[in-house]
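Just below is one structure, and these are the notes that go with it.
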């Protein structure tokens, strides 16, 4: 038995979906514990592309139970459309393979409206939110006025919450943002219908996980976004609205922290970032554009082009510290093929000092200059390689340098988008 947390070690989009899909073969349960449909996992299985925003990536495997924990914010319309697409693809979604925490909070139409109205008003100072209502939903959760999944089956409670919340939201939308008000009655009927559709899947995920632990099952916890988008530990304010670090796996699913056995970090072989915020190793040249094109670096949720740059080990080492990582899972190594000279950021120069971990203040980070180590690239196609020793010598040197800088062993090296285009050095289960 092992309970393993998978997190992103950079700014999200590291390729966690493929890794979770790979490890699900030996897991019994796959659990989402934070975030919402602002993140997308892209998987390629048997040449077919699947994009998930809310349903855990393990849904493609028969006999596995996927769970959406209490720490996730759920847009029920998005979830139902995702379930319908899976059904059309021959993967029916039932309580045999998907459970939703009754305590997960629900994204409402006024959350999306507020999200977009605020972002539009900010103009050039906007953060780059996806506009999916994630942040406003978490705000209502903290303000103790949010709608939870179990409320969707209670017409009285749902109606009262919608009407009470719309008093404030409509006032702001009309008077402050100049937007049209939302209709409470129509919203209530829409969400009661969602509740009826989702009711068979709603359960106490915390209790089900405790039963799984007692039975000695393998549980895989699937993080969304990346460490440096964490609301507390990320590059604030250019962050998401939830805790993305491994410590939230327990809180966001209802399992005790002592039940977690291992925490593994996914690291893209280069670095990407979506939206605003500091990015010390960003490339604004042909190499950066090459990474974006070859790596398909466009958001699975928004389609926005991602900013690209060299692998930054200051970013990765900070993630190792924050999450207590015991292994690294390298993705998109094949994207670097054909680049003559590669660079890795080894430290930052901040005035007279050299530092190896990210400074917590945004202003300090923006003032830092990256210090690089240069490596020879490789020309050979590595997509068919399945053993580490069969990789080109320069590829191995790049990975070995990464591992040495991290002080944490490599467990997986992905050499292509497909499930089988992977070198597995160690399984966590």
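Cβ coordinates come from backbone N, Cα and C, glycine included.
Feature annotation from Swiss-Prot assigns active site, proton acceptor to 13. Within 10 Å of the Cβ of residue 13 (active site, proton acceptor) there are 29 other Cβ atoms, across all protein chains. Under the three-state DSSP scheme, residue 13 (active site, proton acceptor) falls in the coil class.
Mapped onto three states, the DSSP output places residue 41 (active site, proton donor) in strand. What Swiss-Prot records for 41 is active site, proton donor, and it gives sequence analysis as the kind of evidence.
DSSP gives residue 306 (substrate binding site) a coil state; it is part of no helix or strand. Of all Cβ atoms in the protein chains displayed, 20 besides its own lie within 10 Å of the Cβ of residue 306 (substrate binding site). Sequence annotations record features per position, and here Swiss-Prot assigns GTP binding site to 12-18, 40-42, 306, 332-334, 414-416 based on sequence analysis.
Under the heading IMP binding site, Swiss-Prot lists 13, 14, 15, 16, 38, 39, 40, 41, 130, 144, 225, 240, 304.
Look at Swiss-Prot and you will find 13, 40 tagged as Mg(2+) binding site.
Residues annotated as substrate binding site in Swiss-Prot, with sequence analysis given as evidence: 300, 301, 302, 303, 304, 305, 306. Take the CB of residue 304 (IMP binding site) and look out to 10 A: across all protein chains shown you find 13 other CB atoms.
Cβ neighbours within 10 Å of residue 303 (substrate binding site), excluding its own Cβ and spanning all shown chains: 8. Closest to residue 333 (GTP binding site) by Cα-Cα distance, out of the recorded positions 13, 41, 302, 305, 306, is 13. Nearest neighbour of residue 302 (substrate binding site) by Cα distance, taken over the binding-site residues 12, 15, 42, 130, 225: 130. Not a single one of the binding-site residues 18, 40, 42 has a C-alpha within 10 angstroms of the C-alpha of residue 306 (substrate binding site).
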